Ligand SMILES: Nc1ncnc2c1ncn2[C@@H]1O[C@H](COP(=O)(O)OP(=O)(O)O)[C@@H](O)[C@H]1O
Ligand SMILES: O=P(O)(O)OC[C@H](O)CO
């Protein structure tokens with residue numbers, strides 16, 4: 001039997017999943033790792049801890065299934081995007097903790113570039129905005145703030161990479177400094193139209209181009225690892241949201257998926273044409289295969305499942321994530337409690353790094369259930385914000401059905417609420433590990449063991465369709481309350 005090993009390096013945990021020749025899960029291992037919050041608004045990961053967790057889960061998945069290296073035809077890597085690592089070319093040692101995508105420390109740097117009038121040009125080339133979310137200003141911060149880093153970078157001694165790139169470097173023991181087009185497209189340093197690094201933006205952000213990895217197609221030869229007991233080639237790489245888009249088989253223009261993990265990321269396939277957003281969405285690369293780029297419009301929400309974790313860890317009103325739905329079901333429908341989960345600012349379409357969370361509409365009758373319900377609804381409202389923005393940018397009138405995945409999509413209550421507040425059907429597939437599946441498919445297709453796009457699309461199977469049942473009036477009234485709450489939170 002032949003297998004593909006998918007490595008899913010996420011924001012809170014690393015997972016390894018072995019898929020068999022029929023693309024069925026044969027074994028999984030997962031480890032959480034430490035989140036570091038050194039200052040308000042800062043989020044870091046220890047890249048060494050990430051590396052250890054990745055090696056551990058790969059070895060565990062192989063040991064528990066008894067799969068040997070010679071049975072693994074290839075590795076697919078998918079990863080939290082934008083998170084920035086800089087390491088020493090000679091020793092491989094990171095010069096600092098990784099700065100995580102959620103980190104807001106470069107808000108001032110972004111503001112300065114915006115004031116200098118740079119945003120339009122940056123957006124035009126990269127499809128992104130001058131927001132701390134992306135890697136470019138994080139690289140600048142590291143070079144400017146880690147003692148000696150700027151000189152070492154200028155001397156060609158340092159390397160930059162998103163997590164995929166760092167893992168490839170470590171897995172190949174320094175033989176390959178590579179990334180794929182989807183991860184490159186999130187750095188703020190990559191021209192998504194030319195498919196190459198932008199010398200102009202690297203110059204603007206003071207990033208030496210010698211630090212940058214080589215950019216490949218998503219299905220390509222990224223190097224071979226010998227660290228898992230034999231020679232295994234790395235054949236697929238994609239950022240996690242793009243991998244989920246692939247795993248959901250959103251291969252045609254107009255198909256859209258939304259992944260509810262720590263954050264929520266909705267991607268609408270726009271085909272071979274990049275669509276420049278009029279509504280503060282991002283233009284990004286959905287995937288690049290055989291040198292052909294397929295583009296997407298993306299709406300990024302920073303807090304989705306993380307708000308459920310907040311109910312569990314900070315408020316301690318639930319013991320586990322699944323209880324959030326059970327509690328929300330008990331909420332009094334006549335109370336209009338609205339929660340804005342702007343714990344790390346607001347992403348699309350607001351892009352307000354300074355905004356913080358708020359709860360509105362509390363009365364003496366409001367309790368755990370109303371807060372849990374408001375938390376789950378906030379994720380649906382944010383999706384509706386993105387949905388509206390996408391409809392404004394995408395003038396194709398065909399009905400769009402949303403395909404959902406990620407940890408939170410397991411909640412029937414949250415998914416029904418989503419369909420109600422969108423006023424559109426929501427499809428949840430049987431296979432909810434779409435991110436890992438997308439990475440596995442890239443590697444398996446490259447290895448010649450998995451079907452082509454068409455064949456893969458035919459394997460997508462529906463678990464449940466959630467149809468909207470809320471009246472249009474109720475939906476609109478609820479959305480108006482949400483919009484007022486967001487305005488008030490931003491004004492605070
Ligand atoms: N049944 C559930 N109801 C609501 N939220 C859930 C449920 N199960 C998981 N979650 C949330 O989903 C997130 C985990 O999803 P996952 O896709 O593993 O995220 P990530 O890849 O970002 O680590 C957590 O934030 C958790 O709170
Ligand atoms: O690790 P996730 O699933 O929260 O995804 C993080 C995103 O890639 C950030 O852009």
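From the backbone N, Cα and C atoms, a Cβ is placed for every residue, glycine too.
What TrEMBL records for the ATP site is 11, 12, 13, 305, 309, 407, and among 262, 270, 344 the residue it adds there is 262. TrEMBL names 81, 82, 240, 241 for binding glycerol. Of 133, 295, 350, the residue it gives for the same site is 133.
Around residue 407 (ATP binding site), taking its Cβ as the centre, 18 other Cβ atoms fall within 10 Å, counting all chains. Under a cutoff of 8 A between CB atoms, and with a sequence separation of 6+ in the same chain, the neighbours of residue 82 (sn-glycerol 3-phosphate binding site) are 101, 133, 134, 135, 138, 162, 186, 187. According to DSSP, residue 407 (ATP binding site) is assigned to a helical segment. Near residue 11 (sn-glycerol 3-phosphate binding site), with the C-alpha within 10 Å of its C-alpha, lie none of the binding-site residues 241, 305, 309, 407.
Screening the binding-site residues 11, 309, 407 for a C-beta under 6 A from any atom of ligand 2 leaves 11.
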